[in-house]
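The structure under discussion appears below in the form of structure tokens.
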Amino acid sequence: MASWAGAVLSVLNPLRTLWLALAAAFLLALLLQLAPAGLLPSCALFQDLIRYGKTKLPGPRRPAVCRAFDVPKRYFSHFYIVSVLWNGFLLWFLSQSLFLGAPFPNWLRALLRTLGATHFRVGQLALSAFLVLTSLWVHSLRRLFECFYISVFSNAVIHIVQYCFGLVYYVLVGLTVLSQVPMDDKSVYVLGKNLLAQARWFHVLGMLMFLWSSAHQYECHVILSNLRRNKKGVIVHCQHRIPFGDWFEYVSSANYLAELMIYFSMAVTFGFHNLTWWLVVTYVFFSQALSAFFNHKFYKSTFVSYPKHRKAFLPFLF
């Protein structure tokens, strides 16, 4: 029993435990929404914390105490500002260590150790973490661009707790990637001292999947934006319309599906076998599935002519 418990503890470091707990929490929330109506939690705060934007309950049905903590949904841009800055710093530290042999700052090494990072990881490639962290930074930069120049935000809101979680999320994701870097005592350990020699087929596949998924997500956000613009690109309203085109032909939340595929592509870049990142992907799956479920329900209840063949999140399945 003691050896079994020790093995479990060695697998579930603080980071993995956190991502597993988040994934389990969103899975439970999703299952509760799929349960019969009589079993749904009646707590208004619970519903307020798992919904945002157009899927929040109408104003009269939301208690004043919930509305008091509303934050504009357009503040989503703050998430990506934090991510671009923070993960840019992490990418800088990683690049300095990989290419110049500079050690990580003491505070960063201590933080990574606290989160469960270990020294040299057998079979783990420094190039994998470098490519994933670069992908994460590029993804955040593109999303920031979209928030400023593509998206058309209405007066929709999110809860202050969701806002704070979003800020912390991108800090945590970057640290999660960096914790997967194989390290010696002070700096990154590069097998053979040649980073390019680590290139593998799954790096190429993962990066191609990342570009493909990112292109689809960008297209989906353009489609959503154009629903509120005229042919000249001028914003004419902030009402909701039925989106058509690209992956919207199959699911109601094509941009959420693309988000999942972006994180999946990073799992491929890690070589398919990184347990920590698969827990991140699991969290992203259930959190996006929950939001997609609410979106799908909103569209179906709002538009009588909504395409019946569309699923919420996964084509032909869910």
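Glycine is no exception: its Cβ is also placed from the backbone N, Cα and C atoms.
Going by TrEMBL, these are the annotated features:
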- 200-318: domain '3-oxo-5-alpha-steroid 4-dehydrogenase C-terminal' (DOMAIN)
- 20-46: transmembrane segment (TRANSMEM)
- 79-102: transmembrane segment (TRANSMEM)
- 122-139: transmembrane segment (TRANSMEM)
- 160-181: transmembrane segment (TRANSMEM)
- 275-294: transmembrane segment (TRANSMEM)
Could you put numbers on the helix, strand and coil content of the domain '3-oxo-5-alpha-steroid 4-dehydrogenase C-terminal' (200-318), residue by residue per DSSP?
74 helix, 4 strand, 41 coil
Chain residues outside the transmembrane segment (79-102) and at least six past its termini with a C-beta under 8 angstroms from it:
108, 126, 129-130, 133-134, 136-137, 140-141, 143-144, 147, 166-167, 169-171, 173-175, 177-178, 181, 187-188, 190, 195
Quick one: mean pLDDT on the domain '3-oxo-5-alpha-steroid 4-dehydrogenase C-terminal' (200-318)?
97
